[in-house]
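Here is what TrEMBL records for this protein:
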TRANSMEM  9-27  transmembrane segment
TRANSMEM  39-56  transmembrane segment
TRANSMEM  112-133  transmembrane segment
TRANSMEM  139-158  transmembrane segment
TRANSMEM  165-181  transmembrane segment
TRANSMEM  187-211  transmembrane segment
TRANSMEM  279-299  transmembrane segment
TRANSMEM  311-331  transmembrane segment
TRANSMEM  337-353  transmembrane segment
TRANSMEM  365-388  transmembrane segment
Amino acid sequence: MVDETDKKGYYAGILFLIWPLLSLITAFKNYKSSWGKNILWAFVAFYGLSFAIGAGNSNSDFTRYIANIEYLHSVNLTLEGAWNYYLQSGEIDFVRIIIDLIISRFTDSQPLITLVFATIYGYFFSRNMWFVLERLEGKLQLITILLYICFFLVIPIWNMNGWRMFTAAHIFIYGLLLYLYEDNKKGILISTSTIIVHFSFIVPVGVLLCYLIFGTRLVVYFCFFVGTFFLSEINIEVFNSAIENYAPEIIQERTASYRSESLVESYRAAGNDNRNWYAIWYGKFLKWSVMGFLVVLFFKGRKLISEYKSWLSLASFTFLYYGVANLFSSIPSGGRYTSIANILALALIIFYIQNREQERVMKRFIILAFPALLLYALVQFRIGLYSISATSVLGNPLVSLFTAGKNISLEDFIRLFI
């Protein structure tokens, strides 16, 4: 006998071949199913197959990877040539380089290249998204749905444009959730492996190491977290001195452009006069909302959190990591660490709000934060239009075979009519 849930999974798989987007909607409707996360994984892979290089993402890392693989495919590559390619890449990590070299031996097709990268990214993305969904209890509240949408959009599907950084982010989160919430020691190994995907993950892995040494110190980490909002700039001279005195030479060379004192100062002094107000404020709205939720959660739910090991571990690490991310947000590209902090924090907030009764203070803050979270979600979705193609939304794998290399982003498509 085939279980009713399994039947829905088979139907969703067939539907995916006809209209992947509708199949994805079906998967979210059946979020308690075992097959839902695989539909999301397949959709991310399809997104890669139908990836559109539009005006808004023509200078992304992804387009550079494609150009590199197209070049590698056209040459006879030796071991020495492969080594020189790695050295010339300017990257310390090597996973992306290995993928480039392997793909280039078989194809230079842009849709197939982006399909491979999307399949890897999609596995960890889908597992992280479903990790939270599978653990929600009762009927979903409206605020839970909005918080989950924000959770989904912090490092969304289209962030694979920065494949190394954001794939590493989802791998790190995947391992963390396994370890912190499930007490699965394998998660530590998974999270630490991110250093070979993007070298900058030496910072998150370093935070994890500190957590492993000092353990769950909820109050101490919370005080550190709050303190960094009032002192959220690294002294770049002291930071550079530490790097130059203790870091290996290769780390010094590859990080020089990020920690240049003149660059850091100009980054901190940069204005936002040429940007729309929502482009300036949407990220801050999320950060302030998350901080508010965490403060309420700490003062009103600390006792409850301490009773559940999984919540206590997740909350402790989140406070510690968010504090470190705040400090690094004052240097170029350091703000990307905050994305990981927001995902961890939102997972904790969602569990806390959905799986227990709310006190009066939390209910009032939910009303206050709702518009800010909604604005964040709308702006993030708008950003996704730069690389979401019409085929991704309306087409299917068969259609994508005929649109390969010709996909147009929804952003460019809309501009044809306005």
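Cβ from N, Cα, C; glycine included.
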Which bits of the chain, at least 6 residues beyond where the transmembrane segment (279-299) starts or stops, bring a Cβ under 8 A of a Cβ in it?
150, 154, 218, 222, 225-226, 229, 272, 305, 315, 318-319, 322, 338, 342, 345-346, 348-349, 352, 361-362, 365, 368-369, 372-373, 375-376, 379-380
Looking only at residues six or more beyond either end of the transmembrane segment (187-211), which have a C-beta under 8 A from one in the stretch?
91-96, 164-165, 167-169, 171-172, 174-180, 251, 254, 316-317, 320-321, 324, 328, 333, 336-337, 340
Have the transmembrane segment (39-56) and the transmembrane segment (365-388) got at least three CB pairs under 8 Å, pairs 6 or more apart in sequence?
yes
For the transmembrane segment (365-388), which stretch among 139-158, 311-331, 337-353 has the most Cβ pairs under 8 A?
139-158
Short question: most Cβ pairs under 8 Å with the transmembrane segment (165-181), which of 9-27, 139-158, 337-353?
337-353
Rank 9-27, 311-331, 337-353 by Cβ pairs under 8 Å to the transmembrane segment (139-158) and hand me the top one.
337-353
